[in-house]
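Novice: Here it is, the structure, as structure tokens.
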Number of protein chains: 4
Amino acid sequence: MSAPKKVVLAYSGGLDTSIILKWLQTEYGCEVVTFTADLGQGEELEPAREKAIMLGIKPENIYIEDLREAFVRDYVNPMFRANTVYEGQYLLGTSIARPLISKRLVEIAEETGADAVAHGATGKGNDQVRFELACYALNPNIKVIAPWRLWDLTSRTRLLEFAEQNQIPVAKDKRGEAPFSVDANLLHTSSEGKVLEDPAEMAPDYVFQRTNNPEDAPDEAQIVEITFDKGDAVAIDGKAVSPAEMLTQLNELGKTHGIGRLDFVENRFVGMKSRGIYETPGGTILLEAHRGIEQITLDSGSGHLKDSLMPRYAELIYNGFWFSPEREMLQAAIDKSQELVSGTVRLKLYKGSVFCVGRWSENSLYSEAHVTFEDDAGAYDQKDAAGFINLNALRLKLLAARKRRLAK
Amino acid sequence: MSAPKKVVLAYSGGLDTSIILKWLQTEYGCEVVTFTADLGQGEELEPAREKAIMLGIKPENIYIEDLREAFVRDYVNPMFRANTVYEGQYLLGTSIARPLISKRLVEIAEETGADAVAHGATGKGNDQVRFELACYALNPNIKVIAPWRLWDLTSRTRLLEFAEQNQIPVAKDKRGEAPFSVDANLLHTSSEGKVLEDPAEMAPDYVFQRTNNPEDAPDEAQIVEITFDKGDAVAIDGKAVSPAEMLTQLNELGKTHGIGRLDFVENRFVGMKSRGIYETPGGTILLEAHRGIEQITLDSGSGHLKDSLMPRYAELIYNGFWFSPEREMLQAAIDKSQELVSGTVRLKLYKGSVFCVGRWSENSLYSEAHVTFEDDAGAYDQKDAAGFINLNALRLKLLAARKRRLAK
Amino acid sequence: MSAPKKVVLAYSGGLDTSIILKWLQTEYGCEVVTFTADLGQGEELEPAREKAIMLGIKPENIYIEDLREAFVRDYVNPMFRANTVYEGQYLLGTSIARPLISKRLVEIAEETGADAVAHGATGKGNDQVRFELACYALNPNIKVIAPWRLWDLTSRTRLLEFAEQNQIPVAKDKRGEAPFSVDANLLHTSSEGKVLEDPAEMAPDYVFQRTNNPEDAPDEAQIVEITFDKGDAVAIDGKAVSPAEMLTQLNELGKTHGIGRLDFVENRFVGMKSRGIYETPGGTILLEAHRGIEQITLDSGSGHLKDSLMPRYAELIYNGFWFSPEREMLQAAIDKSQELVSGTVRLKLYKGSVFCVGRWSENSLYSEAHVTFEDDAGAYDQKDAAGFINLNALRLKLLAARKRRLAK
Amino acid sequence: MSAPKKVVLAYSGGLDTSIILKWLQTEYGCEVVTFTADLGQGEELEPAREKAIMLGIKPENIYIEDLREAFVRDYVNPMFRANTVYEGQYLLGTSIARPLISKRLVEIAEETGADAVAHGATGKGNDQVRFELACYALNPNIKVIAPWRLWDLTSRTRLLEFAEQNQIPVAKDKRGEAPFSVDANLLHTSSEGKVLEDPAEMAPDYVFQRTNNPEDAPDEAQIVEITFDKGDAVAIDGKAVSPAEMLTQLNELGKTHGIGRLDFVENRFVGMKSRGIYETPGGTILLEAHRGIEQITLDSGSGHLKDSLMPRYAELIYNGFWFSPEREMLQAAIDKSQELVSGTVRLKLYKGSVFCVGRWSENSLYSEAHVTFEDDAGAYDQKDAAGFINLNALRLKLLAARKRRLAK
């Protein structure tokens, strides 16, 4: 790979990406464009602008964007239409944020005439894969620079030395090492590494940043109603809200009630296991709500097909294949199933749990006439069941008859 | 179907199956054998014997059996090896009990020379299908009699009249109709029908029989450790217990902490939706525990394959195909995956929730050496990631290049 | 079911459906509307009109329609986009014709104010299921009458008696029984029953009606080129043709070269096995051609996903669930994959075989630059393979290390 | 990776692996062990011994083994139990040979105290992946050396120079470049590269080495009978033969009749498409035969599950994951299904085609009594079909009723 001339850097304003910024300048002598996105991580963005200017970035090369609505509308919501969980439990909060960041990196590169993009993900994790696959899928000619795989700043000491040598200010609390590593966006906060590396040990309380401890949550349960339209949550307690506002409000509810904590050991795409603590307060509520509305608006054919496709869909997102034709094929199938997934669910939130306790819809397929223990006025002829069973049993009988025949 | 000469009846000793018993005698003039099984439903069985004798059953035709160990060992445990949930949430507590009852019905028929078996499931539900498919799969020549699909006792009034005409004692509290219908065994209690028929309405508190209300559960969390061997739970807090004893103890824990309640609308195999309230206290704990031990003992290849097979496996059990060759094929695959799923998990139980908060095993595949943020002493070469990404990206680049070529 | 007042009958004009027509009139005293469709079965339709009039049908109640274009465009082509085969080999020629016939039956019923439809499929086969599921999926209130399951005309003798009693003319060659039963449309001809009932016995030569015996086919191979657009065949040897014309021409080619014969034992949805002889000359060519064009225009992600969905998709069509939401979900995924499946394949036809021997497309993803054994000018860095392999191997190494550890 | 001390080389005795042998010696100064296996590629093995000795290999370091029986018994046969085809058509002849070679490489390394193995696969293909994943799965500490990814002998000229400099004799016909590249074993011969690189162009006749041109095959069809036991072919025309002998005889038959040619563009695991010409004469016959015997001995539940698992299973083999836990899980499921797949099929071979034209078995599930058009003596009650259809239709009716309700 020839040296890049102009690089768009995914820039948080923090110490690590500031070091990367400087390293790109010194290593390649290249122009750097910074891209800082608000995906709901809960940090102010303007300090990143000041810092970028201080590090010599031209004002016109500083991109700061609020992507929260696009994030929820175009990524989180489509994913939740599939009731997506990775390895049975993980709601993919980190994975789903990477495609959007990558998309903007590539677009800004094209707008600014940059020939490369750079990210701050390490060489052991999934995020490098997600960033790079997404970038390559959107622009086959882009260069992607992953400094953590390239440079020799392989210890905390060397990083801090580099920072000092390059006049990068280091906040006092960054001089020591963080006891674990954090990623956050509107959907979740993940924590991993260091104090969390032994999966036998309970995560210490101070790891949790986004949710109350269930023990500290209110002693009273709270009831909330969420309304869906075509598979997406659109109103809360009857009030229409935007996608990002919905997730923000659900996060607030989830935080209060200590909902959405997960202590998890997962299989990374790069082949190793890792342990993470995930907090997904709003997403956990959203998943239960979406399942609830599907219970009455999806028939078994759609529902069972969705269930069987979901693990593959989750794996694609986890592995970084959002912009792949097979993810798009699955999305087409999933979205087709959601056309009438509209209605309202009632949820009970209480000390770490969320339960669906009611659901109704104009599109409901639930037929009290058919299911009732009372007289059904002819909606269902119980005699049909005999024929249904007999023909479903036919092959089993033929198998059993063979077994008996052969046993003789 | 010609009239049966001798029928083995799945007999609970309750009013409904007593009426069936009498009806079989009067309708067919046939000999009746009663079979009453303890699957952990929490009722005494000896009253069933007295009642059967009172209804004219010969002592040698009365079978009363404690099947709890066989139930957990041969049905519940194999099912939990797959982390089985139906339609995302239901732990299949009713479904999994039917094959064992059917198996004993058929075996007793063969021992006693009976040509038929009979069950008390209605013509609208799944249980009729499960009983009959299982019976036919075990004996292709057996007759299965489903009185609810045959007789004209189609109202409560007529049932009670029949009981009176036939000297079947009716307990006072059975004269009125129950406000909902219940099925119970060691794995779960289900409630459905009548007051539960509107899925928009919250289930009244009195429906729950098997678990404390989370609000009434202890204010202190409890920690418990479960040890697995080859995918099955074998010890609790270090003490080895039998399969049924394990589930009994987990039920006790779950009950205390209000764990395992589910308000659910599901798709019945016979084509309609129904709403059920399920309480699966021990099973809910067991599922979380099993997932926890798999996290460190299964690799991603096994785990993802299991996840993708599970929905089909769950559907087979739900639909009554336990004794089918395809369920056995899936079981062979699942059991193969469990050979090294051994170790211990630590769980936190608190007010309706169960969380895995630690797991360890001699068979662990978790490698701190590989995943560590610290120096890994060469366990993992971060440069490998570049090649891994580049080749995974290759087809995406070719797709992107085509897109650009065609856009020109 | 109350008696129907007006029935739309799927009417071929042959003896069996003429008997049904009369039976409907006499059994129910109802008005009958006849519907006769040309799906390419190769029979004249006008005689059906004369016969219907002779049997007392009012001219305005006689519907005769050429559905060949709709059949190929809306049913055959979508199905071939998925490379659909049932149980490894069967091209679903009968199954795919039923939804369209059912759709027209229901539409004509609505146009003419009929409350029922009727078909001539027997109670042992799949076609009854396909007709009825399709009709009910399109109109939940329609009555479907299946005389073969209802009447007492259970032998050839009684059928002929009924015909005579009702002045239905019986062609001389219909007095004896046909040696096997035939279904035909533009996609295939199936033969089954009677002389074919022993699956050990070779089908006699006279069974084959639609294809030359390969031994009698030309001694010279023929080359043909088929062009696809978005997954559908649109031109043959460079000449654009309509969907039905395409299949007609491919049938002619397949017939000449003895292509598309299949001797098959399949599993019917109703639970039994049956043996059929299928001739699908054009369809067999089309399948090979479609696979050929996909080879260069689909990437592995799309292709492998399609392959994994296909068996389920085929099963749905075979079982009669064309008008189900899950078939539509799968179709959405499949159609998404076909957007760039355009280009041309060259085929060699010879004595029973069709081989793809060349394929090219503006949308080709084949990159000679990448694959070449010659110097690739840097398109592919072979060193990337080491990283790719190392990370794919990582979990296998961890598994192997565990195995060795435990063996000690 | 530190330099290897002793290397087991997969050695064919040909020019390329002789150069590798020498390169290993000169590059690493290491001891080389040669391993030459007969997998039915049709070449004499003893010349490899002479050549190895000439290149300085100690006699005790020369391993020459006939693995044909193990190859068919332990690899080919298990794979054919699944009716395995990759991307719809390819019988995986190359892929399936790699695990056995890898297994012996690793075993010989352990026997001889070698710390590394080496292979002659290039950096662009699948075989490097297959060799290396298999080796690492069997020994996590082994080093695998892939000279084609390491050395600078990147052109034919430089290879020949190296050969000359190192006294490696070069056969006259190897001085020019081969017009395509070949791999062969008992299952197939593959040809790819160079003259075959344009997928639009027909493969020239001289590429085919293993099968007659169908045009040159006998004008008379030949009938052959193959007997299966538990899914494996065990006798031909009534004569029991060993696994390798079976495939050898089928190859002879296939060659004669021009069966098993495939012109194919496939997706390599490393991300690019490649075009290959495959000849799999015996395997093509075996696949048709196995499908034929399954038609009567597998029920639909097993068969459909197998069909749905097969694409994933094929992908695993193609990608080199034979020794993975998920392949073993799938194998357990597949093998479970084969327990009663025993019986005989009759095949017709003619000018490029193989057709199953008859099949019979003591284990047959085909029931003439059920399927017959004649009187079935009560084996099947056609009235059952009504109930079967009504309950299968129920959800479709509920969906249709909703649609109508919403349309109002």
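Backbone N, Cα and C atoms are what each Cβ position is placed from, and that goes for glycine too.
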Novice: Just to be sure I read the record right: D:Ala10, D:Tyr11, D:Ser12, D:Gly13, D:Gly14, D:Leu15, D:Asp16, D:Thr17, D:Ser18, D:Gly120 are listed as binding ATP in TrEMBL. Which of D:Ala37, D:Ala82, D:Ala97 is listed for the same site?
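Specialist: Looking at D:Ala37, D:Ala82, D:Ala97, the one TrEMBL places in the ATP site next to D:Ala10, D:Tyr11, D:Ser12, D:Gly13, D:Gly14, D:Leu15, D:Asp16, D:Thr17, D:Ser18, D:Gly120 is D:Ala37.
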Novice: Between D:Asp127 (L-aspartate binding site) and D:Glu266 (L-citrulline binding site), what C-alpha distance do you get in Å?
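Specialist: Computed Cα spacing between D:Asp127 (L-aspartate binding site) and D:Glu266 (L-citrulline binding site) is 14 Å.
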Novice: May I have the list of same-chain residues other than D:Thr122, D:Asn126, D:Asp127 whose Cβ is within 8 Å of the Cβ centroid of the recorded L-aspartate site, in sequence order?
Specialist: D:Ala121, D:Lys124, D:Gly125, D:Gln128, D:Val129, D:Arg130
Novice: Once the DSSP letters are reduced so that anything not helix or strand counts as coil, what is D:Asn126 (L-citrulline binding site)?
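Specialist: In the DSSP reduction, D:Asn126 (L-citrulline binding site) maps to coil.
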Novice: Three states by DSSP: which one describes D:Glu266 (L-citrulline binding site)?
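Specialist: The three-state answer is strand.
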Novice: So for D:Asp127 (L-aspartate binding site), how many other CB atoms are inside 10 Å of its CB?
Specialist: 20
Novice: Which residues in the same chain, at least 6 apart in sequence, have a Cβ under 8 Å from the Cβ of D:Ser190 (L-citrulline binding site)?
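Specialist: Once residues fewer than 6 apart are set aside, D:Ser190 (L-citrulline binding site) is near D:Gly93, D:Thr94, D:Val182, D:Asp183, D:Ala184, D:Gly276, D:Ile277, D:Tyr278, D:Glu279.
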Novice: Rank the binding-site residues D:Asp16, D:Glu266 by the number of other Cβ atoms within 10 Å of each Cβ, and give the residue at the low end.
Specialist: D:Asp16
Novice: Of the residues named as L-citrulline binders, D:Tyr90, D:Ser95, D:Asn126, D:Arg130, D:Ser181, D:Ser190, D:Glu266, D:Tyr278, how far apart in Å are the Cα atoms of the most distant pair?
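Specialist: So the maximum pairwise Cα distance among the L-citrulline binders is 19 Å.
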Novice: Compute the C-alpha separation of D:Asp16 (ATP binding site) from D:Thr122 (L-aspartate binding site), stating it in Å without decimals.
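Specialist: D:Asp16 (ATP binding site) and D:Thr122 (L-aspartate binding site) have their Cα atoms 11 Å apart.
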Novice: Rounded to a whole angstrom, what is the C-alpha distance between D:Ser181 (L-citrulline binding site) and D:Thr122 (L-aspartate binding site)?
Specialist: 12
Novice: Averaged across the domain 'Arginosuccinate synthase C-terminal' (D:180-398), what pLDDT does the model get? Just tell me the whole number, please.
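Specialist: Summarising the domain 'Arginosuccinate synthase C-terminal' (D:180-398) by its mean pLDDT gives 96.
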Novice: Of these binding-site residues, D:Asp16, D:Gly120, D:Arg130, which are close to chain C by the rule of a Cβ under 8 Å away?
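Specialist: Near chain C: none of D:Asp16, D:Gly120, D:Arg130.
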Novice: Once near-sequence residues are set aside, which residues in the chain of D:Tyr90 (L-citrulline binding site), 6 or more away, have Cβ atoms under 8 Å from its Cβ?
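Specialist: For D:Tyr90 (L-citrulline binding site), the qualifying residues are D:Leu262, D:Phe264, D:Glu266, D:Gly276, D:Tyr278, D:Tyr318.
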Novice: Would you list, in sequence order, the binding-site residues among D:Ser95, D:Thr122, D:Asn126, D:Arg130 whose CA lies within 10 Å of the CA of D:Ser18 (ATP binding site)?
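Specialist: Those near D:Ser18 (ATP binding site) - Cα within 10 Å - do not exist; the answer is none.
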Novice: Under a three-state reading of DSSP, tell me whether D:Ala10 (ATP binding site) is helix, strand or coil.
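Specialist: The three-state answer is strand.
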